[in-house]
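> To start, I am sharing the structure in question, which I have written as structure tokens.
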Amino acid sequence: MSMTDLLHAEDIKKAVGAFTAVDSFDHKMFFQMVGLKKKSPEDVKKVFHILDKDKSGFIEEEELGFILKGFSPDARDLSVKETKILLAAGDKDGDGKIGADEFSTLVAES
């Protein structure tokens, strides 16, 4: 399954394009722009599994740095600052990674 099976390619393009400048990433705005906020809980979990590149059941800090690439392969990497902000917003239990339920909550709070 690819991201475009769940989200519209044009929405992905616009959302990724809105955050091309370093340190401009805003996960709340991004999740809304890409259409993820409007998706069912099941579809949000499918997106999580696409972003969980190593299939560990978690999106670790390193994977978070590449989150935009999970939506569009030619997107930029997040800066260290952006990655840490995203991790802090999503890691509700403080284990240093984001699980599927935490990701769902992060999207819902956007």
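Placement of Cβ uses the backbone N, Cα and C atoms for every residue, glycine included.
Look at TrEMBL and you will find 39-74, 78-110 tagged as domain 'EF-hand'. Taken from TrEMBL, the feature Ca(2+) 1 binding site covers Asp52, Asp54, Ser56, Phe58, Glu63. For Asp91, Asp93, Asp95, Lys97, Glu102, the entry in TrEMBL reads Ca(2+) 2 binding site.
In the displayed structure, how are the listed features positioned relative to their neighbours?
Within the chain, the domain 'EF-hand' (39-74) has long-range Cβ neighbours (under 8 A, six or more residues past its boundaries) at 1-3, 6-7, 12-13, 15-16, 19, 25, 80, 83-84, 86-87, 90, 96-100, 103-104, 107-108.
Taking a C-beta cut-off of under 8 angstroms and a sequence separation of 6 or more, Ser56 (Ca(2+) 1 binding site) has no same-chain neighbours.
Long-range contacts of the domain 'EF-hand' (78-110) within the same chain: residues 22-23, 25, 27-29, 31-32, 36-37, 39, 41, 44-45, 47-49, 51, 57-61, 64-68, each at least 6 residues beyond the stretch ends and with a Cβ under 8 Å from a Cβ of the stretch.
Here Asp91 (Ca(2+) 2 binding site) comes close to Lys97, Ile98, Glu102: these same-chain residues lie at least six apart in sequence, with C-beta atoms under 8 angstroms from its C-beta.
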> For each of Asp54, Asp93, Asp95, Glu102, count the other CB atoms within 10 A of its CB; which of these binding-site residues has the top count?
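Comparing the binding-site residues Asp54, Asp93, Asp95, Glu102, the most crowded Cβ belongs to Glu102.
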> Enter the number of other CB atoms within 10 angstroms of the CB of Phe58 (Ca(2+) 1 binding site).
19
